[in-house]
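Take a look at the structure set out below.
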Ligand SMILES: [Zn+2]
Ligand SMILES: [Zn+2]
């Protein structure tokens with residue numbers, strides 16, 4: 001644990017930085033497992049081998065990092081060149097081990113790590129090529145998209161759109177080719193990496209879609225996001241983005257290696273779900289690729305899928321956005337269902353309020369009953385009210401997730417009724433309110 005002392009010892013010649021203990025663990029493995037960041041850094045500086053694989057059960061430093069749950073150390077190991085595809089003696093990768101012990105942030109980091117050098121490889125002519133497969137100027141923007149953990153198709157289209165180098169047919173064709181090659185490599189190498197393979201394939205599918213729109217549509221990439229048949233267009237009844245759902249399902253189905261276990265898992269989770277029900281293809285895919293569990297669509301921006309969005313449409317309170325920009329992009333389709341969703345929301349709130357009153361009355365009754373019991377029964381009588389409380393809060397969260405998150409009473413929206421006839425007005429109100437809540 002003493003970094004200074006260790007530094008001094010490592011400085012002397014007769015201490016080997018990669019020495020093994022009786023279980024085949026290196027000092028780096030010990031430091032990683034105990035999440036000693038400074039010690040890890042010191043050992044790496046002194047040449048500790050991040051891929052040493054002499055452990056009795058085939059554990060690597062990266063596996064210990066995943067088990068420790070330290071995001072920083074997991075990053076450090078990856079940056080130091082830790083192989084992600086190595087498996088331990090029972091055939092598990094570092095990401096799988098981290099998932100097994102519930103360290104989902106580490107899983108996300110490992111699964112989405114893609115060293116820039118691996119992409120830069122394609123920026124140099126290989127073999128008989130006269131020119132590189134990927135122009136050097138595209139490596140940066142493409143790397144940014146490859147390492148993203150937000151796989152929302154709209155987000156990826158927005159990332160393409162914001163970069164003029166990328167938002168061009170020729171450039172995207174080259175990127176697709178490179179993504180397909182990486183995908184193939186992931187599947188054909190000895191230690192298969194299905195997660196990365198499916199991610200590469202999925203991004204390539206979205207690029208392909210972008211290419212079609214850039215070629216054929218006048219409105220270019222905007223058309224892919226905002227037109228009548230587009231990624232964001234919601235259906236009339238509840239605003240569910242049917243086209244987006246079908247698109248993601250199709251991408252998954254088109255994955256060329258049907259024998260992949262992960263593909264089969266994805267298909268099994270998605271196929272029985274009716275379009276419009278949970279889980280969405282986006283959430284299933286995100287869970288598979290990031291390793292996150294307990295994915296709730298409600299916590300993600302309706303437009304771009306970014307996590308932690310917290311600006312709510314002030315009228316219906318049923319959709320959330322990162323910011324006003326995301327709200328504006330979505331408004332063309334949301335305006336058609338905002339009123340419907342508002343009614344749904346108010347009904348939910350009303351029911352929740354009723355339910356709460358019912359529970360309160362029940363609790364009062366129980367308490368009265370408990371009070372009338374003899375003192376010897378006191379211990380027993382403590383239990384029912386507690387249980388009801390739990391049931392109650394569970395119920396409330398489930399039914400009116402929105403209102404609980406919002407911590408707002410149920411009927412504050414009356415003044416909005418005057419405006420709700422006109423769509424434009426509604427837009428003004430909604431945008432305004434988001435602005436207010438930003439302050
Ligand atoms: Zn957003
Ligand atoms: Zn709304």
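Glycine is no exception: its Cβ is also placed from the backbone N, Cα and C atoms.
If you check TrEMBL, you get these features:
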COMPBIAS  351-368  compositional bias 'Basic and acidic residues'
COMPBIAS  380-404  compositional bias 'Basic and acidic residues'
DOMAIN    301-338  domain 'MYND-type'
REGION    351-439  region 'Disordered'
REPEAT    23-55  repeat 'ANK'
REPEAT    57-89  repeat 'ANK'
Task: DSSP residue counts for the repeat 'ANK' (23-55), split into helix, strand and coil - done: 16 helix, 0 strand, 17 coil
Open item on the list: Over the span of the repeat 'ANK' (57-89), how high is the average pLDDT in this prediction?
Closed with: 94
Task: Intrachain residues whose Cβ lies under 8 Å of the repeat 'ANK' (57-89), provided they are six or more past its termini - done: 25-26, 28-29, 32-35, 37, 40-41, 44, 50-51, 95, 97-98, 101, 103, 105-107, 109-111, 113, 115, 189, 191-193
TODO: May I have the DSSP-based helix, strand and coil counts for the residues of the repeat 'ANK' (57-89)?
DONE: 17 helix, 1 strand, 15 coil
TODO: On the DSSP side of things, how many residues of the compositional bias 'Basic and acidic residues' (351-368) fall into helix, strand and coil, could you say?
DONE: 18 helix, 0 strand, 0 coil
- [ ] For the domain 'MYND-type' (301-338), jot down how many residues DSSP puts in helix, in strand and in coil.
- [x] 12 helix, 5 strand, 21 coil
